[in-house]
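All remarks here apply to the structure that follows.
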Amino acid sequence: MIYEGKAITVKALESGIVELNFDLKGESVNKFNRLTLNELRQSVDAIKADGSIKGVIVTSGKDVFIVGADITEFTDNFKLSDEELVAGNLEANRIFSDFEDLPVPTVVAINGIALGGGFEMCLAGDYRVISESAKIGLPEVKLGIYPGFGGTVRLPRVIGVDNAIEWIASGKENRAADALKVGAVDAVVKADKLKEAALDLVKRAISGELDYKAKRQPKLEKIKLNAIEQMMAFETAKGFVAGQAGPNYPAPVEAIKSIQKAANFGRDKALEVEANGFVKLAKTSVAESLIGLFLNDQELKKKAKQYDEVAQDVKLAAVLGAGIMGGGIAYQSASKGTPILMKDIREEGIQMGLNEAAKLLGKRVEKGRMKPEKMAEALNAIRPTMSYGDFGNVDIVVEAVVENPKVKQIVLAEVEDVVREDTILASNTSTISINLLAKALKRPENFVGMHFFNPVHMMPLVEVIRGEKSSDAAVATTVAYAKKMGKNPIVVNDCPGFLVNRVLFPYFGGFSKLLGFGVDFVRIDKVMEKFGWPMGPAYLSDVVGIDTGHHGRDVMAEGFPDRMAVEGKTAVDVMYEANRLGQKNGKGFYAYETDKRGKPKKVSDPQAYELLKSIVVEQREVTDEDIINFMMIPLCLETVRCLEDGIVETAAEADMGLIYGIGFPPFRGGALRYIDSIGVAEFVALADKYADLGALYHPTAKLREMAKNGQKFFG
Ligand SMILES: NC(=O)c1ccc[n+]([C@@H]2O[C@H](COP(=O)([O-])OP(=O)(O)OC[C@H]3O[C@@H](n4cnc5c(N)ncnc54)[C@H](O)[C@@H]3O)[C@@H](O)[C@H]2O)c1
């Protein structure tokens with residue numbers, strides 16, 4: 001044994017060849033944490049010191065190769081000063097460079113995913129062999145940063161500038177075959193032949209049959225493009241990538257700039273360029289938000305996993321109502337492998353649900369994401385019915401009939417009589433209290449809310465609503481089923497609007513106030529889209545449906561009259577009364593035409609402006625900053641209230657709910673992280689400036705307390 005640590009061992013194999021094996025003790029995956037990095041330093045030194053070694057192969061003892069850096073270490077790490085960060089980065093890079101500079105050939109055997117720092121380790125070797133199913137890539141930009149262990153230096157020198165930019169700026173994971181095509185790896189082999197292939201390569205390099213020094217050399221030199229070629233490659237890429245990423249996500253373009261700046265330098269100087277740019281990005285609030293988001297997501301997954309222990313198996317599901325939501329739920333369940341009965345009281349309802357599912361599946365087949373046989377299988381897994389015949393075999397029923405408490409109570413009681421005693425009942429209601437619906441049931445412990453978002457196949461969130469009487473098994477089974485459907489479930493407690501709609505309506509409250517001051521809704525949409533929302537509030541109202549918004553608003557006003565009561569007529573009222581229901585009937589705030597591809601296209605409509613004149617209470621000049629504050633303060637404060645009221649258990653879940661449920665701008669991390677980024681005290685002071693707008697703008701006592709004590713929601 002040449003080196004033995006907790007993450008790495010180096011042992012002699014045969015005829016001067018050693019194996020450097022990554023196998024992090026006590027973890028299911030390998031990652032580049034502090035410990036691993038330190039041990040890599042020691043391993044490389046040990047190999048360097050041993051004059052008898054003739055070649056090195058690098059392997060992994062896990063299913064993965066190395067998943068990347070340990071992201072949990074980022075938050076603390078990135079708090080260091082710029083100088084410390086750059087120095088730390090260069091020190092880490094010296095380990096990779098020392099490995100690269102070993103006086104013997106090195107071959108990396110990539111058995112499973114190798115991402116970020118994991119793939120940068122691979123790049124430091126002379127040769128790379130990869131197993132057929134493994135994937136490699138540099139996903140750092142997804143965290144608002146770029147590769148910092150030499151990825152921006154070595155990759156363009158190995159696979160060329162254009163390919164490297166595509167890999168780094170997209171952050172995508174690349175299949176073995178694609179990696180071979182661009183020359184990121186030297187051979188693709190079957191998993192059980194991987195080590196053999198690595199050994200074969202290293203032996204051929206040792207014997208001189210392969211010239212490993214020549215293979216290594218380009219990585220140490222400047223990029224082989226002349227000035228004109230460089231300009232063409234970098235300038236075109238910067239324009240294109242900037243357009244794709246948008247102004248709120250600077251990392252992809254910064255990565256290109258770094259590659260460009262370092263293009264005419266050799267390795268060591270180029271690594272310095274990389275380190276300086278890396279540190280600049282690591283300090284941005286975008287990186288902080290995106291890293292926070294990643295960590296929140298991990299926390300969510302861990303929580304969802306805990307429910308697995310109590311969850312009952314769902315082998316067969318059922319959905320009541322084959323409308324927009326029921327059809328979507330049936331499609332999602334079937335396509336993810338849980339067969340589902342779909343019951344409706346109308347034949348044409350069932351046909352519509354089936355058509356919708358067939359359309360969605362057809363699209364996946366068209367795009368090559370699904371094999372035609374799989375499509376037939378999924379369609380067969382949706383079993384339409386007009387009777388309760390087979391409901392005795394069902395493990396969970398999702399109720400998605402019309403949004404009417406009386407109808408829902410009748411339907412739920414009816415289905416309770418035909419299912420097993422342990423079958424879980426879940427309602428997809430968006431506004432009705434789960435505790436109220438539970439009153440109609442004999443076994444309220446088996447009942448929860450399961451709130452999907454429209455369109456079901458696209459929206460990643462499912463709110464699982466725990467009623468007063470819901471059992472742990474009911475909650476856990478619903479969480480597990482949502483996960484099996486490929487969704488991100490968040491468990492919340494019952495209240496009007498649950499988490500997501502409760503927070504969304506105050507945001508619309510802010511919108512109403514702006515319209516009351518005569519502010520143009522097109523301007524508001526533009527400002528909020530620039531702020532980072534996928535669509536502005538007027539457009540969103542049209543997409544969701546003015547009638548849905550109108551109904552939801554009334555429910556919320558009743559639930560929280562102190563701050564959400566409606567004073568006088570609002571825009572939603574006048575639109576609703578004029579039968580402008582939004583996209584669904586072709587006119588709302590905007591009018592809708594059909595574009596060449598058959599998709600609705602919004603155009604301005606003078607009639608909408610005419611209607612809105614009647615609701616202006618006072619003309620007020622507002623700045624773009626005001627528009628953001630009018631809209632965001634109520635949303636943020638309501639999120640704070642949800643956390644304080646225990647509707648949602650953690651700040652991480654609240655923020656993720658908003659990101660997955662309503663497309664809150666990810667680079668801002670969520671409502672609570674947004675408050676953190678402004679500073680709690682500063683946020684409270686800002687809200688106080690708008691206090692005359694009403695209770696939606698009044699911070700809670702606890703938030704004032706947090707401000708006074710210098711507390712934050714995260715860290
Ligand atoms: N559409 C949305 O954006 C959205 C989003 C989240 C939640 N929801 C909720 O989902 C539920 C369904 O909404 P939708 O938009 O799909 O409505 P929808 O009108 O498209 O569909 C309702 C379906 O239920 C059927 N139905 C009525 N009574 C029934 C019964 N007794 N048994 C079986 N089927 C019956 C109707 O025939 C119809 O096909 C509502 O509670 C709604 O609040 C809707």
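Backbone N, Cα and C atoms are what each Cβ position is placed from, and that goes for glycine too.
Worth saying up front: this structure is predicted, and the values here are computed from it rather than measured.
Per TrEMBL, the feature region 'Enoyl-CoA hydratase/isomerase' maps to 1-190.
Annotated site 'Important for catalytic activity' per TrEMBL: Glu120 (among others), in sequence order. When other Cβ atoms within 10 Å of the Cβ of Glu120 (site 'Important for catalytic activity') are tallied across all protein chains shown, the result is 28.
Within the same chain, residues at least 6 positions away in sequence whose Cβ sits under 8 Å from that of Glu140 (site 'Important for catalytic activity') are Gly116, Tyr146, Pro147, Gly148, Gly151, Ile168, Gly171, Ala251. According to its DSSP assignment, Glu140 (site 'Important for catalytic activity') is helical. Annotated site 'Important for catalytic activity' per TrEMBL: Glu140 (among others), in sequence order.
Under the heading substrate binding site, TrEMBL lists Asp297, Asn501, Tyr660. The secondary structure of Tyr660 (substrate binding site), as reduced to three states from DSSP, is helical.
As annotated by TrEMBL, region '3-hydroxyacyl-CoA dehydrogenase' applies to 312-715.
Marked as domain '3-hydroxyacyl-CoA dehydrogenase NAD binding' by TrEMBL: 317-495.
What TrEMBL records for Met325, Asp344, Val401, Val402, Glu403, Lys408, Ser430, Asn454 is NAD(+) binding site. Glu403 (NAD(+) binding site) falls within neither a helix nor a strand when secondary structure is assigned with DSSP, and so counts as coil.
Sequence annotations record features per position, and here TrEMBL assigns active site, for 3-hydroxyacyl-CoA dehydrogenase activity to His451. In the structure as shown, the Cβ atom of His451 (active site, for 3-hydroxyacyl-CoA dehydrogenase activity) sits within 10 Å of 27 other Cβ atoms.
Taken from TrEMBL, the feature domain '3-hydroxyacyl-CoA dehydrogenase C-terminal' applies to 497-592.
Residues Asp297, Asn501, Tyr660 are the ones the record ties to substrate, and the longest Cα gap between any two of them is 21 Å.
Among the recorded positions listed here, namely Glu120, Asp297, His451, Asn501, Tyr660, His451 has its C-alpha nearest to that of Val401 (NAD(+) binding site). Listed binding-site residues: Met325, Val401, Val402. The one with the lowest count of other Cβ atoms within 10 Å of its Cβ is Val402. Cα of Glu403 (NAD(+) binding site) to Cα of His451 (active site, for 3-hydroxyacyl-CoA dehydrogenase activity): a span of 12 Å. Around the Cβ of Asn501 (substrate binding site), a 10 Å sphere holds 22 further Cβ atoms from the protein chains shown. Helix, strand and coil residue tallies for the domain '3-hydroxyacyl-CoA dehydrogenase C-terminal' (497-592), in that order: 64 helix, 4 strand, 28 coil [DSSP]. The binding-site residues examined here are Ser430, Asn454; by Cβ neighbour count within 10 Å, the least packed of them is Asn454.
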